[in-house]
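Asks: Sharing the features that TrEMBL gives for it:
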- 7-65: domain 'TRAM' (DOMAIN)
- Gln289, Tyr318, Glu339, Asp387: S-adenosyl-L-methionine binding site (BINDING)
- Cys414: active site, nucleophile (ACT_SITE)
- Cys414: active site (ACT_SITE)
Amino acid sequence: MAKGTVPVQKNEMYEVTFEDLTHDGAGVAKINGYPIFVPGALPGEKGTVKVIKINKGYAFGRLMELEVESEFRVEPDCPIYHKCGGCQLQHMSYEGQLLAKKKQVEGVLSRIGKLDNVMVHNVLGMAEPWRYRNKAQVPVGEREGGLVAGFYQQRSHDIIDMDKCLIQEQLNDEIVQAVKGIFEKYGVRAYNEERHTGTLRHIMARYGQVTEEAMIVLVTKEEKLPNKSQMIQEIVDISPKIKSVVQNINAKRTNVILGDKTKVLYGEEYIHDYIGDIKFAISAKSFYQVNPKQTKVLYDKTLEFASLNGSETVIDAYCGIGTISLFLAQRAKHVYGVEIVPEAISDAKRNARLNGIENVEFAVGEAEKVIPWWYAQGIHADVLVVDPPRKGCDETLLDTIIKMKPKKVVYVSCNPATLARDLRVLEDGGFKTIEVQPVDMFPHTTHCEAVAKLVLQ
Ligand code: SAH
């Protein structure tokens, strides 16, 4: 194909074979090397697509007819799968999803990282890949006078009612439905985004899967609620597992869910949960992993790749609430954690105290500033762990790692593409990638986590 020519036309039909999946779960077919992205299609399938939008380097198509189905195609279990958009891969069997995620990691390591001989292990998936999420955060609206609680319809601000979500902890589903009913009974209006009127904005439910403690967060526009004490009593009576009911007041015109002020209405300000042996205190605002079972799998792998003997100084960059730092501290001499969000660092320190872990220190700041500063102070890590957000590590941080020369780097990633990019930089700086272990933290979605082990050459 000549450079710049597009081999398809808008609104025309084409017979295609799908070869791949995009990182957001659409099927990819190619015509003379020109890719067409088609939602709902799976690799290995053949069908007819109508081209609906053309760009210079790629087009979007709609699947009109499927002639050959993938062996992994299944009927989605969730009745609202196509409307919701929260899951993207329910039309694929779980086995197929795990194979696709492995292929995605191998693909980017080769294409972006130019790493063709790295061992990528089979994805560690869940034995029971349903109802794994421990946190529900549901917007509330009104329809024909009653309250609806669910999710925003794709590309709109209309709220679709949802009585169950198959990847959500069942008790959270029940709590959201029951709370909605109680507010409706007492005539509380839902918040209206456009007019900035009404009261109830969001219902949040959090659950400690190990401790079986539940928390409810009622996000309201103002503090005043009618019949408050009766309402609270009815909410507490939803389940004996409810250990905390808090009200968060958010009076602003904003998409941000939580406001500044939180008031305890019943029980404690915190619930607790465990990942492995480590106990965590979780408040309305705390970050906490949404799938702690698989988080344990991911962090056990991180620990295995770090292979500590108790004598090491370890740095945990992008440490959040200190989950990985506390895991590592049990096996290391000293751990330094750094994270940009001050509240996360307060939680990290509290969690260290809660577990009686003393050989860890946390600092607030940008990893790319704090770690070079530590290095200048003579702090030298034997093992360095990074767990950056989707955009990957900052270049300055990678440069510092290359200068610092830790014996091992363990890279925990939620975005295989930036993982591959950063591994290339570290390889060019003298490290070798030994193995990569993908872990499925979010079954039925396209999210893909992986942990890589690098050693200094
Ligand atoms: N390891 C953590 C979660 C990591 S998620 C855990 O197990 O809980 C990535 C974290 O990086 C987030 O907490 C985010 O706030 C933080 N972050 C983002 N940019 C950062 C930066 N430049 N420096 C330090 N931390 C950063």
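Positions of Cβ are set from backbone N, Cα and C atoms, glycine also.
Predicted automatically and left uncurated, TrEMBL annotations should be read as such.
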Asks: From the Cα of the residue listed as 'active site, nucleophile' across to the Cα of Tyr318 (S-adenosyl-L-methionine binding site), what is the distance in angstrom?
Replies: 12
Asks: If you count CB neighbours within 10 Å, which one among the binding-site residues Glu339, Asp387 has the smallest count?
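Replies: Sparsest of the binding-site residues Glu339, Asp387 by Cβ contacts within 10 Å: Asp387.
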Asks: How far is it from Cys414 (active site, nucleophile) to Asp387 (S-adenosyl-L-methionine binding site), counting Cα to Cα, in Å?
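Replies: Counting only the Cα atoms, the answer is 8 Å.
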Asks: Around the residue listed as 'active site, nucleophile', how many other CB atoms lie within 10 A of its CB?
Replies: 17
Asks: For the recorded positions Tyr318, Glu339, Cys414, which sit with their CB under 6 angstroms from an atom of ligand 1?
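Replies: Tyr318, Glu339, in sequence order.
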Asks: Quick check on the domain 'TRAM' (7-65): DSSP residue counts for helix, strand, coil, in that order please.
Replies: 0 helix, 35 strand, 24 coil
Asks: Would you list, in sequence order, the residues of this chain other than Gln289, Tyr318, Glu339, Asp387 that have their CB within 8 A of the centroid of the site's CB atoms, where the site is the one recorded for S-adenosyl-L-methionine?
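Replies: Close Cβ neighbours, site residues excluded: Asp316, Cys319, Gly320, Ile321, Thr323, Ile324, Ala344, Pro388, Val412.
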Asks: Just to confirm: which same-chain residues, 6+ apart in sequence, have a Cβ under 8 Å from the Cβ of Gln289 (S-adenosyl-L-methionine binding site)?
Replies: Ile275, Thr295, Thr323, Met441
Asks: Helix, strand or coil: which one is Tyr318 (S-adenosyl-L-methionine binding site) in, per DSSP?
Replies: coil
Asks: If you average pLDDT over the domain 'TRAM' (7-65), what do you get?
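Replies: Mean pLDDT for the domain 'TRAM' (7-65): 96.
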